[in-house]
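> Dumping the structure here so I can ask a few things about it.
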Amino acid sequence: MRVRYKPWAEDYLKEHPNLVDMDGAHAGKMSEWFDKEQPIYIEIGSGMGQFITTLASKFPEINFVSMEREKSVMYKVLDKVKELNLTNLKMICNDAIELNEYFNDGEISRIYLNFSDPWPKKRHAKRRLTYHTFLALYQQILKEDGEIHFKTDNRGLFAFSLESMSQYGMYFTKLNLNLHDEDDEDNILTEYEKKFSEKGSRIYRMEAKFHKSI
């Protein structure tokens, strides 16, 4: 989906430094940004924020971070955070390749990758969020028993991700080849997921972990 540029979005986000990190001010000290010291879950590529804001509302005992590089959609997440008065959700406006600039080693308990850009052309494979260079970043910031939760409607990206994670030495704790056939009451829909499901698209989901170091 092409995002329409909104020239005012950056200034709007900058008006809320208590909620949005635009310039790396909290890099390396994310835990201090929250009111309480709690486990941290992050979503990379939050879009308009339906998933992450629903999670933060449902689980106040968890701290959440929304990471989104598009300022022109991130303002929608900010609006939801303000509307719901969420104190356990902060936002980073940056690219996933900068993850280790923000988070310390072993600081994160869970990473969500929901409907990431599949980058279907082979020459763009390194941009996929399950490419091995990104997996190395995730391994660095995740706790030893940390998890990656992944959802997509793109069969090619799902197959690529299974292979990439397996080759990296990860293992899978859950695999769903048609998520909505299983009527999972705990599943929280993203904006894309709702749209794709209504069209009858198959939703693929997995949960994965890194093997513990010996």
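Note that Cβ sites are derived from N, Cα and C of the backbone, with glycine treated the same way.
Not measured: the values here are computed from a predicted model.
Relevant sequence annotations retrieved from Swiss-Prot are reproduced here:
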ACT_SITE  ASP117  active site
BINDING   GLU43, GLU68, ASP95, ASP117  S-adenosyl-L-methionine binding site
BINDING   LYS121, ASP153, THR190, GLU191, TYR192, GLU193  substrate binding site
> What is the interatomic distance between the Cα atoms of THR190 (substrate binding site) and GLU68 (S-adenosyl-L-methionine binding site), given in whole Å?
14
> Let me know how many other Cβ atoms fall within 10 Å of the Cβ of TYR192 (substrate binding site).
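I count 20 other Cβ atoms within 10 Å of it.
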> Fill in the CA-CA distance, ASP153 (substrate binding site) to GLU43 (S-adenosyl-L-methionine binding site), as an integer in Å.
17
> Taking the residues GLU43, GLU68, ASP95, ASP117 listed for S-adenosyl-L-methionine, what is the greatest CA to CA distance in Å, to the nearest whole number?
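Max span of the S-adenosyl-L-methionine binding residues, Cα based, is 14 Å.
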> Measuring CB to CB from GLU68 (S-adenosyl-L-methionine binding site), give everything in the same chain under 8 Å that is also at least six residues away in sequence.
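Result: GLY45, SER46, GLY47, MET74, VAL77, MET91, ILE92, CYS93.
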> Please name the residue among the recorded positions ASP95, ASP117, ASP153, GLU193 whose C-beta has the most neighbouring C-beta atoms within 10 angstroms.
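Ranked by Cβ atoms within 10 Å, first place goes to GLU193.
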> I want to verify one value. Collapsing DSSP to three states, which class is TYR192 (substrate binding site)?
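In three-state terms, TYR192 (substrate binding site) counts as helix.
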> Taking only same-chain residues 6+ apart in sequence, whose CB is under 8 Å from that of GLU43 (S-adenosyl-L-methionine binding site), what do you get?
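The answer is PHE51, ILE52, LEU55, PHE64, VAL65, SER66, MET67, ILE111, TYR112, LEU113, ASN114.
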